[in-house]
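Quick notes on the structure that follows.
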Amino acid sequence: MKIRAIELHNVRRFTDPVRIDNFGDGLNVLCEANEFGKSTIFDSLHAVFFTKSGSTAKDIKALRPHSGGAVSIGVEVETSGEVFTIRKRWFSKAETKVFQGATLIAQADAAEDWISRLLGQDGTGPAGLVWVRQGLTDLGTGAKDSLEARRDLMSSVSEEVELMTGGRRMDAALKRCEEDLAVLATAGGKARAGGPWKAAEDRVAELSERRNALQTSADQLAEALRDRTAARKRLASLNDPDEAEARKVKLAGAKTAFKAATEFAADLEGLQRKADLAKLTHQQAAEKCERVKAAVAEHEDAKRLVLDAVDKASSAEAKFEDALEADDAAKSAVDIAAAATTKAATDLRRAERAASAKESAARREEIEARIKAAEDARIKVETTAAAITGPDAKALQNVEDLARNVANTIAIRDASAPNIVAHYDGGTAFNIDGQDIENGKLIPISRNTRITVPGIGSLDIRPPESGNADQVAKAEAALRVALEALGAETIEETRARAALRQNAEVAHREAKASFNALAPSGIDAIRAQLAKLPEPEEADGAPDLEAATQALEAAQTTEKELRAKAETTRHQLGEATNERGVAQANLNNANDRLARALAALPEGGADQDALQAEAEKARRTWLTLDEECTAKAANAPDLEMAKASYTRLQSADEMIAKDIAALEGQILVLNERIKHASGDAVEEELAETAQELEVAETKLRHIVREVAVLQRLKAALTGARTEARDRYFTPVAKELRPLLNLLWPEAELEWSEDNLLPTSLKRETVAEDLSILSGGTQEQIALLVRLAFARMLSNAGRSAPVILDDALVFTDDDRIERMFDALHRQASDIQIIVLTCRQRAFRNLGGQMVTQSPAQFIA
Amino acid sequence: MSFRFIHSSDLHIGRKFANIPQDADGNIRGRLMEARHNAIEKLAAAARDNGAGHVLLAGDTFDTPTPSPSLVRQALAAMGDASDVTWWIIPGNHDNLRGAEPLWDMIASDGPANVRAVTEAAPIEVETNVYLLPCPVQYRASGTDPTEALVRMETPEGALRIGLAHGGITDFTESGEVIAVDRDRTARLDYLALGDWHGRIAVSPRVHYSGSPEQDRYKHGRRGLCLLVEAHAGAEPEVTEIETGHFLWQEVPMDLVSGQNPTEELERLLPASGRRNVLLRVRATGWAGLADHAELERAVIKAGPEFACFDLRAEALRARYDPTDLDEIDSSGGALRITAEALMTEAGDDTLSEDDRSIAAEALARLYSYVKEDAQ
């Protein structure tokens, strides 16, 4: 659909008919100053499409001029290549008409339906047009209710939204579902307090409790009835006259039997006492007879025992005496042997001391000899030490070295000196400084030398000065100094003295070794050993050590043997002593027993026969009475049984009387209880409560079922809405992206999960809530969103004119140019109508200018 | 020799009907209770109208062993008002002798002269040479045939023998308390009046259950009745049914097939008149579309209040889905359509439990209702 012309008559300032036309397919602009009536045009379009002619709503009243009268608006639209004119009139003679050319094709409600179909929806909201009112940029971030805000945003595209997300119908269904669910359950799925579910639960609980209580009461009543029946039956049995009489007869019989048995038992007891007395008499006589007989026998035995004991005591005494004597002899022998042993030991100690003194004297002599030798050695050490004089080996070596040096320097000097060799043919020899020259010997001449030829004269040889004469002189001087230091004149003397010193040192070392061997710790240590030795003792008269040792061993052996013998005699003495004691004690005992036996004999003698006869008589009396007892007891009634039977019947009689009283009392109590319970009609109430409980449980099951159904439906609705929204916003976002990028490269909008409104603008990963953005940015986003919707509808074959009434009031010059680009971009296949008063700012918008002209309005 | 009497049983006076749903401003439970009390008068009228001087009640006259005193006294007073009729009452299992001892004590001590509480199993000569052979129920469950004693009850030669007992003839619970179906022969009875079953059953020519004079369940599908019996010594009795019930308890099946209009079918099944005294249970089975489900519910909401009680059981009525149903919810393929298709898929998913499937089906039906109501 595209708008081709608008006619207004008696609409606010347009009291005269006016026509605005020249609307093209793309971008159309009506740019006029304020007060021209642009918003009136905008509102008029809105009224034509969305407000029925019968309406007197506030928005329609606002269209009337001050002078009043009917408001008339006409709009020419082109759809599917055909042009139609919609004319509407409000207030006086309200009407709606649709013409095709001059032909009226619909009027009144039919015309309204035609408009609805034109808008592509069923009249439940605007569609097919995208509106942006003056200054309407609120995207739901302000104070408006979010749903209402969504309506503002979606009002132009609600049909499409309806199609895709369910829109208002979805809202209505979900709201109904949530409302129905909320009546029953909380958000957490629990029974809501005060709601039917909770009431049903409470009702079931209450009835269950009441049913249980009533059941208990009913059970108690049933039990009471059973108890009473049983009690009555028992009472009837107890009160039965025949049974009572039978019990009475039984009791009397038992009593008689018990009495007879008691009397018989008394008679029997008297007879038994007599028998017992006779038995006792017999026993006493027999015992007396036995006692006398035993006393006589005992007296005889005691006498025999005394005699025997006397013999044994005498024998033991004799044996004791013998043993005592032997023991004394043995002890004396031991004493003598012990004295001999003591003496032998003393002799041995004397012999040992004598031997020790002898050994000590030899030791002293030896030590004294060592001391003397050590003294001699010490003197020799001192003497040899004093003999060590003369050059030592080192000094000798030094002189030897100096001497070799002199010889060397002389040899060097002589090597360069002239030599002479004497050759003799016998006769006189030549000499130099009085010393003969050997025949044939090469004699160097290094200095002025006079060779004397005895007899002939002398021959002076004056060799030239040699360069080595000074080294020789120096060497010889050094040698002389060394010799002088040693007190020698020649090297030979030095060697001799050195040899003497070496011998003296050897003698000294030998003397020291000898001394050390004799007294390694010194002479004083040896003297100390000597001092420790005991003083010599006089050993004259001491026995020989070996003889003394043998004498002691012999004495000890003798003593040991005698002591063993003495031990034997002592043991024998002990045994004899004990035997004597035992024999004496036995004798005493025998005397005592004899005395007692004598005392036990009856005075005046013991007539055993008389006693025997008396005992026999008593025995016969006893046996007679005992036989009588046995015979009577054999016929005795069972007293215990008679007593038990009587006691039992007596007790049972008393118990029955008590039972009767108790049962009567119990029945009275039960009567009251039954009367009370049956008066309450517990069974009746129980049945009623059980039925009510069944109904309540059924109702609760239904409610639980209802909750499950509603929860399932709610989940299905919300899940489907999410799915549809995703499906729906994909194309919107696709259309929106290039438009947003005209202003902000890579920018994206984020959308609310709840109300389908944009919530924030995301630029370079930073998301900003729309509410904090500038007014200009907000209105730009609002416009771009609508343009995206419009393109999406157009793509869906539902071309939707976009009508903007001063939609960019906060946008700056830079952004507005890019918004113009956005408008042109979308205008390629969408009709856009821009109403603005900003002539300068919109100068560069371009597009087709619409025109206004007076009109011949057909009302 | 013949003897004419009314045979009834199972009045269950005092039953509260708490399981019958009742609106906050309704009184169906009170009406049902009252109808059971009124059965006394109807039985008396039936006797009077047919020349019978005796009413034999075969047990369960009272619903519980301990009915409230006022309930008992009002019932006894109603019987006493019918002074031309003698009431012979035996304990049944609900008002058995042991459990309801105070009740029987009260009837014996305070009841009117024409009310005879029979609590001993011994022959009673109710008229000359006409003997009533009662079998009062001693316990709620005894484990024995309650009519065994009839065999041993002696009466004069040629006397009319009428047994009066309470118990079943089919041992549903294997309790052993089954009345032998040939008891009339083994006990030489001319008629055996039985109670316990609330529906009317003629076991044999001489053995009958009268059923309850006022029904209390949907099982029997007819109003309660009593039996007018003309008993003859040595011959088969003449038994006539006399309707006494005020309320009709009725359960009707409604098997819907695809395309069938549920509203029309329901209306066809409903009684044309007297709905106020009808308790109706419609057990719907078969298949119905979402729209049919919603329409059926609306029809029930409309027609239900006309009845004493209306109970639609639609658990077995399965939902049939077709594109038309889903299109009515959303034909555009939008979110509502997605919702509907998801629930439909779930409802037919055999891998889910029956419960989950049925919840999904109900959720879909509910969505349909929301959308349709919203459109209206």
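In case you wondered, yes, glycine gets a Cβ from its N, Cα and C as well.
Range annotated as coiled coil by TrEMBL, chosen from A:128-162, A:198-232, A:268-302, A:408-442: A:268-302. Note on TrEMBL: of A:52-88, A:348-384, A:718-754, the range annotated with the feature coiled coil is A:348-384. Note: the stretches the coiled coil (A:348-384) and the coiled coil (A:545-593) are in contact (3+ CB pairs below 8 A, sequence gap of 6 or more). Long-range contacts of the coiled coil (A:268-302) within the same chain, counting only residues at least 6 positions beyond its ends with a Cβ under 8 Å from a Cβ of the stretch, are 590, 593-594, 596-598, 600-602, 606, 608, 611-612, 614-615, 617-619, 621-622, 624-626, 628-629, 632-633, 636. Remote same-chain partners of the coiled coil (A:679-706), defined as residues 6 or more beyond its termini with a Cβ less than 8 Å from a stretch Cβ, comprise 180, 184, 196-197, 200-201, 203-204, 207-208, 210-211, 214-215, 217-218, 221.
Within the model, the coiled coil (A:268-302) carries an average pLDDT of 88.
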